[in-house]
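Take a look at the structure below.
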Amino acid sequence: VKDLIPNCEYYFRVKAVNKIGGGDYIELRNPIIAEDPKQPPDPPVDLEVHNPTSKSVTLTWKPPLFDGGSKIMGYIIEKLAKGKERWERCNDYLVPLLTYTVKGLEEGKEYQFRVRAENAAGISEPSRITPFVKAVDPVEAPKVFLAANLQSGLEVKRGDEIILEAHISGSPYPSITWLRNDEVVRPEDIKKRVIAPKKKRGESILSIRDSIRADHGTFTIKVENDHGVAKASCDVNVLDVPGPPVNFVFEDLRKNSVVCKWEPPLDDGGSEILNYVLEKKDNTKAEMGWVTVSATLRHCKFHVTKLIEGKEYLFRVFAENRVGAGPPCVSKPMTAKDPFSPPDAPNKPDVEDVTSNSMLVKWNEPKDNGSPIIGYWIEKREINSTHWARVNRNLVNALEVKVEGLLEGLTYIFRVCAENAAGPGKFSPPSDPKTAQDPIIVPGPPSCPEVKDKTKSSVALAWKPPQKDGGSPIKGYIVEMQDEGSTEWKKVNEGDKLFPTCECVIPNLKELRKYRFRVKAVNAAGESEPSPATSEIPIQDILEEPEIFLDLGAQDLLSCRAGTTIKIPAVIKGRPVPKTFWEYEGKAKTAAKVEATDTRSEIIIPDCNRSHSGRYSITAKNKAGQKTVHVRVNVLDVPGPPKDLKVSDITRGSCKLSWKMPDDDGGDRIRGYVIEKRNIDGKAWTKVNPNCGSTSFVVPDLICGQEYFFRVRAENRFGVGPPAETIQRTTARDPIPPPGPPIPKVTDWTKSSVDLEWSPPLKDGGSRVTGYIVEFKEEGKEEWER
């Protein structure tokens, strides 16, 4: 019995019931009060021991599974020393929580523990007893961690205090040692600026007052006990001005400039060098002070200009970081002067490659006198003039120069001088006189002739003109040939005639004989060297395998509408002229018309239909070989009739039509189907649907009892195809199932008869019940009789 109200009194009674009815009640004599029974709780469970030390141990447990019907008021903890028989209570007051730390244990002794729960009804049985636990401190290797602000290092300015804090643990408590750069830190080693590390259990602090740059380094705290060693390190950076730069030297000393170079300070002061300050001083005048050359130098090199030749200078350089500028590095005295002199004069120049408007002037490199030569100046003079004219606007870095813009027919001489960092030197002696005019020489050889065509009695050659015409136009060409087996070259030209162009036809050659050919170019100076000769060329007709090129619109696939004319044109190439023939699916196409010439063949099929779809092939054949090209033709038309049209699921107002796709889709995707119906008494077909995309359709809106014929036609983008029609008529009416069963009832009986009554079935199956059949079965038999 559930849902009772606590502390209420209740009576209860019970009676038995069978199919005849209910019997008498039995009742409780006394009322029942709805309240939970109260008893001492079950013992606590899952007692566990944690963190034992030499003086204490921590216990945890879980509450009893059943509190006895009364709230748990607290717990009693008991201990038993090894060798003792009596349990001792550890707590004076009930423990309200599920954990308790037992203190006052004797070091080295072993103990067992148990817990009892207490409620208003009493104290529970004790929990499961723990195994013996020894009262000893735990063994722990030492650990040390630096303060969070020291994890990425410590940076202070000079004069600030360095404070390093570390947190330590371990059992037994470890010894502590501070080191700097792997050396023990002692106050006397750092001029007593070290405050001895404060030793407080669990932490250690090292402090250095009035820090200086020398205090930077890696500080390490080392902790050690019997169970191991632990270390923690912190990089301490003491910021100060940088030290002086080092190794100040001079490079590329000139009379009015010098390159100052130095190396960075050995100590950057703990901060990146931001720039350098370079200063100079006139060392010949004591009263002159230092002058800043540049205060924003990022690199350790600077080109100092505007010096006065012959004066003595001092230089100094400071390094700066974000703290400030450090002490300077001072150079040795330096006198501004060039360490070299201008170069010597070159030798007498040579003049080559003379043309009507240019000459090539060459010379040898002179002595540079201590400074590399940076270029040359070239001058020219007409032989009848006294004025030298500069040829080049900029220094020439080579040992030759092509002088252009000369006047044809004039005679010129040339001279050259070299220049280095000290300036230009003396000019060379003048060259020999040269007159500006083009030299005329024989042309260069033409290219090797190539065979462009040949027959059984002639060969056609072509070649390229020479790269150089020798200064005179090419008048024509001479062609020579060498017969097979002979070393003599014979001239092909008739008499003194020249071939005017770079091609010719050589007739009257012997069939199957081999010849070699070469060509010479001719200008006003004479004949050139012969061109490279051809290899031996056999004189015979050129055989070319047939090639077939279909019209671009007929490659791979040709689509056309039924009723149009199919035309497949092909271009034929080959030597000799190939013979061609067309085939359809590997056989000759008798209904097609073929129009052909030596270079073209076209098959024509007028008024095409779907039967003309397929693969057409054209074959070209000659002595050199055979070539066949295929093209597929697709004649597009309306689809054929659907297949297997069936009627099913007939009702008084609808029926279902189903069919299969046509065998021929007309060469295009079927977009849908058109369904039509016709009354048996009518002649016109009525469209049932706008378009059907599947192969089945439920025809709606039939008239009950009416007889129909149906037909379906497939449709693609070219139109609607022929129909598939139903052969048998379809009557629109619902199917009639058998009626439901009657429910018989015996109303009276005698020793030889029985009176029966029944109610009609709940469902007549859609048709009026016309009568009933009565059957009986004798007890003990299996068959029913009518």
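Backbone N, Cα and C define each Cβ position, glycine as well.
Just so you know, TrEMBL annotations are computer predictions that nobody has curated.
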Which range of 609-628, 729-748 is region 'Disordered', per TrEMBL: 729-748
Region 'Disordered' per TrEMBL - which of 254-273, 334-353, 434-453: 334-353
Taken over the domain 'Fibronectin type-III' (43-138), the model's mean pLDDT: 92
Positions whose Cβ lies under 8 angstroms from the region 'Disordered' (334-353), at least six residues beyond its ends: 250, 253-258, 307-315, 359-371, 373, 376, 402, 414-432, 434
